[in-house]
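Heads up: the structure comes next, in structure tokens.
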Amino acid sequence: MSTLFTSDTSTPSDALGKPLIGVVMGSSSDWDTMQYAVQILTDFGVAHEARVVSAHRMPDDLFAYAEQAGPRGLQAIIAGAGGAAHLPGMLAAKTTVPVLGVPVASRHLQGVDSLHSIVQMPKGIPVATFAIGNAGAANAALFAVSLLALHDADLAAKLLAFRAEQTEAARAMKLPV
Ligand code: RP5
């Protein structure tokens with residue numbers, strides 16, 4: 001088995017310990033969007049990793065990542081890609097670890113192409129698909145936190161506090177009139 005993606009390839013984003021959530025993206029150009037997922041995971045103290053795994057430029061690496069995800073203990077993979085966005089679907093085809101897909105806004109079609117590529121999975125291989133762009137990246141991470149919180153009371157409490165904070169912020173909103 002390839003050791004390409006074992007957790008001894010530590011990066012600063014692995015600093016919280018053995019990763020529970022993998023954040024992968026098709027290009028470093030996706031980072032502007034995918035950083036919102038990583039920020040949420042960091043804020044909640046969820047151990048994670050972030051990697052570029054390009055479906056069409058690194059297909060063997062994609063397969064290795066997917067095959068090793070379960071054995072490495074990943075609980076979910078957040079996968080962001082733009083254009084003809086094969087990455088989330090191909091990961092899902094090679095692992096039963098839940099894949100959360102984030103459509104990254106593309107240069108020419110503003111991410112509608114990415115959304116359709118990710119959301120229109122044929123029956124049998126699901127990819128949970130989120131909104132195009134930054135909100136989708138953040139929500140995918142919040143969804144991953146919700147999954148982990150089912151079996152982690154401290155994380156569940158943090159999630160409730162996060163929701164309460166949002167509620168208070170909305171209640172405090174003022175209009176210019
Ligand atoms: C996809 O192609 C990536 O996910 C990215 O959104 C898009 C453009 O990639 P670059 O040309 O910026 O590397 O594979």
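Backbone N, Cα and C atoms are what each Cβ position is placed from, and that goes for glycine too.
Sequence annotations record features per position, and here TrEMBL assigns domain 'PurE' to 19-170.
For S27, D30, R57, the entry in TrEMBL reads substrate binding site. Here the Cβ of D30 (substrate binding site) has 24 other Cβ atoms within 10 Å, regardless of which shown protein chain they belong to.
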S27, D30, R57 excluded, remaining Cβ within 8 Å of their centroid (substrate):
M25, G26, S28, S29, V52, S54, A81, G82
Counting Cβ neighbours within 10 Å across all chains shown, tell me which of the binding-site residues S27, R57 comes out on top.
S27
Look up D30 (substrate binding site) in the DSSP assignment and report helix, strand or coil.
helix
